[in-house]
C-alpha cells in the first residue's frame, strides 16, 4: 500500500510540474502576441527643420539651441494625455529608425508631424519628398485609415518663407516624380518576384489615376505655418490636441 501511495504521489508531482511548465509557456507566447505599445505622436522631417526644437518647446515651453541626435528622443505622457511624443533624427542614414518604428507600431501612432523649412527652395525638395514616400508607403498600407500628418512649415517669420499651400503643392509634384522613378527602377532591375510585387504595391497605394495627391490618401494631410523661434505654434498645438 505504501509503495502504491508513493508512486501515486510521485505521479501527481510530475503531472503538476508538467502542467505548470505548459501554462508558463502558453502565457509567454500569449504575452508576445498581445504585446502593446503606448500611443504616440511622431515628430519627423529633414535635418535642421526644427524637430527637436519643437519637442523642447512643447515639453518645456522654452526655445533652446538644438544638438544633433543619432537616437530618437521621447517625452512620455505629454500634457497628461498618456501619449508619448517621439522625435526621430532626420539624417538620411538614420531614417531607417523611423521606418522600423512604424513597421511595428503604426497602429499605435495617433499622428505624425513632418517638419519642413519654409525657406527651402521647392526645387530642392527631392530628398524631403523621398522621405515622405518612405513614410507614406508604410502608413498607408499598414493602417486602414492611414496616419494623419501635419506638414509643419517652420521658420515662417523669415522673408524667404513660402506659404504652406505652395510647399504642399511642391511636395505633391516632387512625390509624383519620386514614385515614377522608383517604379521605373523596379521594372529595370531584376528582383525576386515577391519582393518586386510588394514594392510596386506599396507605391500603387499612393497613386490614383490623376497622379499623387495628398487629398486621395486614406489619412488626412494638412499644412500649417509656424515659427519655433517666435513661439508661434498655435495651429500645430491645436492639431496635436485633436489627436490626444
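Easy rule for this one: first residue shown is 1, then count along the chain.
The backbone N, Cα and C atoms fix where each Cβ goes, and this holds for glycine too.
Annotated features in Swiss-Prot:
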TRANSMEM  7-23  transmembrane segment
BINDING   45-53, 66-69, 90, 154-157  GTP binding site
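Positions of the features from Swiss-Prot, shown on the structure.
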| residue | record | Cβ contacts under 8 Å, 6 or more apart |
| --- | --- | --- |
| 45 | GTP binding site | 51, 90, 113, 114, 115, 116, 128, 131, 152 |
| 48 | GTP binding site | 90, 117 |
| 66 | GTP binding site | 50, 52, 53, 56 |
| 69 | GTP binding site | 52, 87, 89 |
| 155 | GTP binding site | 50, 117, 118, 119, 161, 227, 228, 229 |
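Under the three-state DSSP scheme, residue 51 (GTP binding site) falls in the helix class.
Secondary structure at residue 66 (GTP binding site), taken from DSSP and collapsed to helix, strand or coil, is coil. Cβ-based neighbour count (10 Å, all protein chains) for residue 51 (GTP binding site) stands at 27.
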